[in-house]
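Look at Swiss-Prot and you will find 69, 70, 71, 82, 86, 87, 88, 96 tagged as substrate binding site, backed by sequence analysis.
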């Protein structure tokens, strides 16, 4: 399934870095740091990185999810400060990425470096019906760890 997403280039330097799928099977689109100069994240530090881009999904049946790049997280401890970013369909502002250095070494974020992935996902908006009791299920109220040993 393909949808068309409106995008604004807020910083002309990003015109050469429009998000694109790397392969036919790619789910995520890389987002890049729109920085004038390198920013060094010390261990434990967070920094809100601009991307120089804005999107408008318009259709409430979709949202965008911002996720960490696996290599940055595994090799350098760089993840998203909010763990997952959610871009609602009606948001039209600049995409920004909260980076968090959970590693033990300083990490330099360079201008135009790939810093996160964006995945467009379907959304179901639920309506809630208040009830006094649920119809029974095999799980019942079993929570954390109730279905296995780990």
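Just so you know, glycine gets a Cβ as well, placed from its N, Cα and C.
The candidate set comprises the binding-site residues 86, 87. Of these, 87 has the most other Cβ atoms within 10 Å. Local packing around the Cβ, expressed as the count of other Cβ atoms within 10 angstroms, is greatest for 69 among the binding-site residues 69, 96.
In the three-state DSSP assignment, the secondary structure recorded for residue 96 (substrate binding site) is strand. Counting every protein chain shown, the number of other Cβ atoms lying within 10 Å of the Cβ of residue 88 (substrate binding site) is 12. Using a 10 Å radius centred on the Cβ of residue 82 (substrate binding site) and all shown protein chains, the other Cβ atoms total 12.
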